[in-house]
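Pulled from TrEMBL, these are the features on record:
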- SER81: active site, phosphoserine intermediate (ACT_SITE)
- ASP28, SER81, ASP471, HIS472: Mn(2+) 2 binding site (BINDING)
- HIS140, ARG170, ASP171, ARG206, ARG213, ARG286, ALA287, ASP288, ARG289, LYS361: substrate binding site (BINDING)
- ASP430, HIS434, HIS501: Mn(2+) 1 binding site (BINDING)
- 20-544: domain 'Metalloenzyme' (DOMAIN)
- 102-322: domain 'BPG-independent PGAM N-terminal' (DOMAIN)
Amino acid sequence: MGSSGFSWKLKDHPKLPKGKTIAVVVLDGWGEATPNEYNCIHVADTPTMDSLKKGAPERWRLVRAHGTAVGLPTDDDMGNSEVGHNALGAGRIYAQGAKLVDIALETGKIYEGEGFKYIKECFENGTLHLIGLLSDGGVHSRLDQLQLLLKGASEHGAKRIRVHILTDGRDVLDGTSVGFVETLENDLAKLREKGIDARIASGGGRMYVTMDRYENDWDVVKRGWDAQVLGEAPHKFKSAVEAVKKLREIPNINDQYLPPFVIVDDNGKAAGPIVDGDAVVTFNFRADRMVMIAKALEYKDFDKFDRVRFPKIHYAGMLQYDGELKLPSHYLVSPPEIERTSGEYLVHNSIRTFACSETVKFGHVTFFWNGNRSGYFNPEMEEYVEIPSDSGITFNVQPKMKALEIAEKARDAILSCKFDQVRVNLPNGDMVGHTGDIQATIVACKAADDAVKMILDAIEQVGGIYVVTADHGNAEDMVKRNKKGEPLLDKNGNIQILTSHTLQPVPIAIGGPGLAPGVRFRQDIPNGGLANVAATVMNLHGFEAPDDYEPTLIEVVDK
């Protein structure tokens, strides 16, 4: 007990026993939607997940995984894996990335913080560079936030501004980049009228330039570095609108994969390379695809590629992208303080934990689950296993990914009887869904279902309990739709593929031989969301959840 009276000790649940092995399975990108040909989960052969839904209606339900249920500003905001796993692990709803930035910009607090003061030191003699995703997708960044930041920075003394744009086409329609660039150019022209030298300096597509994640392919970051810092790229244009339009004419090139370009003046000189004395802000609020560029901009010792030169700059992120690495060390908006996560409570209450996924989602079942915190709470009580993801290919080439290997690790952990909780993320539905390849996504969904079966079979053998859920939707709807819900067609009459997450709810199922008779989902939490899962899992471990957690989804009725 601390002086404040706080204790990690959880109360025992009055009706549920301790000591059962619990498997917590998160299917990434697995929402619930109307069955049709574009619902890959429906089309795929998924007997295990089907049986959970049909088996015991009182032990299967839907929960919300987007918008306000996961701390995002509105219910038009699709969920994502970071906020989803934060909610699953924290058991409470925290204001997240975009919302934190919205509040900081609305109140003007962003301009009073240490991060802004740090970059402001360069405004007198240097250039302010803004690097990020130019899109209103709301997953990694939002155009309106960039617009407010441009306005605010110029009002707070920035005299020379260069924007380095990354085109989207993944969280928004392919082809929308042109309109976003035109909007930005319009805003910059208005700043120039006020005597501020503001223009676009470079660009490229998000999947080919800068925005790699999990150290999958440093060449992606290098292409961005060369254009943004060195002012060098294979394509040079006088204007960004011309650049995007022309580069989109290259066969098989889309917004996501636009090659890098720099904007040059009449003499062919780059409009805005990053040099000593400049300030740089990466304006994405979502962390995963900013960590690598942050390392390149911040670390003096760096060996991932030849930077050629390492300018002495003042660099800040919109947010801190990795709390454990303290990266970047300066940031404009402070992260949500997520403390007392379910994982930390359970470890303090003798629950031995095993967590596993492959590289692309390993951080989700560990770092994000644990409240944006790297490492173990107690290395003697926990084991985290990362299986290397395929690299150098898009995930539709190997849609089974590492689902089988993850399931085998989970099975072995369960059968070892060394752990009380075995937690995994199966990435297939999300990572393959993002490629927009419907056939591959169907294969991916089957692979995930096969993996669930292997884990549930192991739980059956040890008399354990399973909780199967998801973090947000993706694979259940692969086509863009109009307001009536009908598939949208392009000008050639082909369907427009949806590569993004969705606003759909996700399933949660409980069961297993260790589940006490009479446990069922409550009827009085119709709007339950991912944050309700933590208390549910704590109950199944035999504990009451802390008072401030979102309420449990289950009750015990005397049969």
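The backbone N, Cα and C atoms fix where each Cβ goes, glycine too.
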Pairwise C-alpha maximum, in angstrom, for the residues (HIS140, ARG170, ASP171, ARG206, ARG213, ARG286, ALA287, ASP288, ARG289, LYS361) that bind substrate according to the record: 19
By Cα-Cα distance, the member of recorded positions ASP28, SER81, ASP171, ASP471, HIS472 nearest HIS434 (Mn(2+) 1 binding site): ASP171
Spatial neighbour of ALA287 (substrate binding site) that is closest, considering only the recorded positions SER81, ASP430, ASP471, HIS472, HIS501 and their CA atoms: SER81
CB contacts for ASP28 (Mn(2+) 2 binding site) [other CB atoms within 10 A, all chains]: 26
Subset of recorded positions (SER81, HIS140, ASP171, ARG213, HIS501) lying within 10 A of HIS472 (Mn(2+) 2 binding site), CA to CA, in sequence order: SER81, HIS501
Neighbours of ASP471 (Mn(2+) 2 binding site) among the recorded positions SER81, HIS140, ARG289 (Cα to Cα, within 10 Å): SER81
Candidates ASP28, ASP430, HIS501, namely the binding-site residues, that fall within 10 Å of ASP171 (substrate binding site) by Cα distance: HIS501
CB contacts for ASP430 (Mn(2+) 1 binding site) [other CB atoms within 10 A, all chains]: 29
Least Cβ-crowded entry, counting other Cβ within 10 Å, from the binding-site residues listed as ARG289, HIS434: HIS434
Rounded distance in angstrom between the Cα atoms of ARG289 (substrate binding site) and SER81 (active site, phosphoserine intermediate): 13
Cα within 10 Å of ASP430 (Mn(2+) 1 binding site) - qualifying recorded positions among ASP28, SER81, HIS140, ARG213: ASP28, SER81
Rounded Cα separation (Å) that holds between ASP28 (Mn(2+) 2 binding site) and HIS501 (Mn(2+) 1 binding site): 10
Residue from HIS140, ARG213, HIS501 whose C-alpha is spatially nearest that of SER81 (active site, phosphoserine intermediate), among the binding-site residues: HIS501
Residues within 8 Å of the ASP28, SER81, ASP471, HIS472 Cβ centre (excluding the Mn(2+) 2 site residues themselves): VAL26, GLY29, ALA65, GLY79, ASN80, GLY84, HIS85, LYS361, HIS364, ASN425, ASP430, ALA470, ASN474, HIS501
Pairwise Cα distance for HIS140 (substrate binding site)/HIS501 (Mn(2+) 1 binding site) [Å, integer]: 12
Listed in sequence order, residues with CB under 8 A of ARG213 (substrate binding site) and six or more positions away: ASP288, ARG289, VAL291, MET292, VAL360
